[in-house]
């Protein structure tokens with residue numbers, strides 16, 4: 001077993017735990033920065049270690065296309081290639097393939113697609129994506145699944161569940177024949193139909209995965225449906241395994257995920273928003289492109305202890321964004337990931353102290369408001 005619960009909130013499903021990945025221990029709930037192509041944009045491995053991150057995410061689709069498995073095999077995996085010394089999770093690449101629209105085609109045992117880079121043709125199967133992730137050398141591998149659009153009707157959702165469940169069974173059989181130190185997580189689907197969700201959760205939970213992931217949420221559905229599905233499944237999840245909510249990284253969404261028993265999160269939003277001039281602070285979201293910060297000599301967040309806020313004024317960082325300097329992206333990204341790390345630590349501490357709902361209300365109030373304007 002790779003997961004152990006260490007404390008539980010008495011009023012919600014929130015909990016803390018320890019996730020053990022080949023000797024690397026992580027406290028949960030945990031947020032994973034996204035390094036799609038083998039790097040968290042604008043940051044080095046040293047930066048991530050300085051920020052005390054121990055788990056990041058890579059993307060199988062992109063790493064398969066470039067640099068490719070032959071390069072990864074030669075280096076002994078992505079971690080040696082990139083000198084990342086901590087843990088790595090890779091998604092299966094299925095979501096990216098299905099986002100290609102006309103460039104992919106379902107088959108019984110996989111999906112054919114054309115590269116978005118050069119139009120070359122490729123074929124992903126449940127087995128092949130495990131092989132690719134073995135070349136990548138991730139500590140957690142994700143199975144190939146079929147994520148239907150959130151507004152799909154019953155027929156399309158049924159197709160999604162049938163594929164997802166069939167591919168999950170194939171993945172488990174293949175993985176168990178050639179087990180190594182890599183862990184495998186299953187993914188359940190069902191869109192915003194709670195009956196389909198519970199059916200899929202039951203099927204995926206019945207298989208011997210190391211962890212269970214919620215797929216196909218936060219893909220454009222109304223927020224009330226996002227909350228409804230989380231609430232509806234929370235009483236039915238396996239509390240002996242880690243629960244991973246894929247692609248979720250806003251402050252309100254993380255809070256609602258934790259409230260409903262989620263242990264793991266990933267999202268490009270903190271890094272992407274940083275590059276677009278939005279930073280997360282203890283006062284709320286701030287738009288660095290706002291004219292009002294032009295001459296401000298205060299830090300982006302007066303309560304922040306990161307090296308960026310200790311050294312630079314918000315006026316200076318706004319200037320760097322305004323003139324398009326690359327350094328603006330790295331400084332803002334560093335700050336946002338520092339914020340996320342502290343935010344998750346505060347959540348962990350609040351659960352252990354029995355104060356989660358107080359923290360929940362505090363951050364919800366701050367982050368469901370418009371941007372902070374001083």
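Every residue gets a Cβ built from N, Cα and C, even glycine.
Here's what Swiss-Prot has on this protein:
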type: ACT_SITE; residues: 91; note: active site, proton acceptor
type: BINDING; residues: 91, 92, 93, 94, 95, 145, 189, 216; note: substrate binding site
type: REGION; residues: 247-253; note: region 'RNA binding'
type: ACT_SITE; residues: 266; note: active site, nucleophile
type: REGION; residues: 271-275; note: region 'RNA binding'
type: BINDING; residues: 304, 306, 309, 335; note: Zn(2+) binding site
- Task: Please find, for 91, 92, 93, 94, 95, 145, 189, 216 as listed binding substrate, the greatest distance between any two Cα atoms, in Å.
- Result: 16
- Message: Using a 10 Å radius around its CB, how many other CB atoms surround residue 306 (Zn(2+) binding site)?
- Response: 21
- Item | Candidate binding-site residues 94, 145, 189, pick with smallest Cα gap to residue 335 (Zn(2+) binding site) | 94
- Note on the structure: Lowest 10 Å Cβ neighbour count of the binding-site residues 93, 94, 216 is held by 93
- With the substrate site defined by 91, 92, 93, 94, 95, 145, 189, 216, which remaining residues of that chain have Cβ atoms positioned within 8 Å of the Cβ centroid? 98, 142, 143, 144, 146, 147, 187, 215, 246
- Other residues, Cβ within 8 Å of 304, 306, 309, 335 Cβ centroid (Zn(2+) site): 299, 300, 301, 305, 307, 308, 310, 334, 338, 339
- Note on the structure: The recorded positions listed are 91, 266, 304, 306, 309; by CA-CA distance, the one closest to residue 145 (substrate binding site) is 91
- Note on the structure: The sparsest Cβ environment within 10 Å, among the recorded positions 91, 145, 266, is found at 266
- Message: Cα-Cα, whole number of Å: residue 95 (substrate binding site) versus the residue listed as 'active site, nucleophile'?
- Response: 14
- Message: Taking 10 A as the limit, how many CB atoms besides its own sit near the CB of residue 335 (Zn(2+) binding site)?
- Response: 25
- Task: Compute the C-alpha separation of residue 189 (substrate binding site) from the residue listed as 'active site, proton acceptor', stating it in Å without decimals.
- Result: 15
- Item | By Cα-Cα distance, the member of recorded positions 91, 216, 266 nearest residue 309 (Zn(2+) binding site) | 266
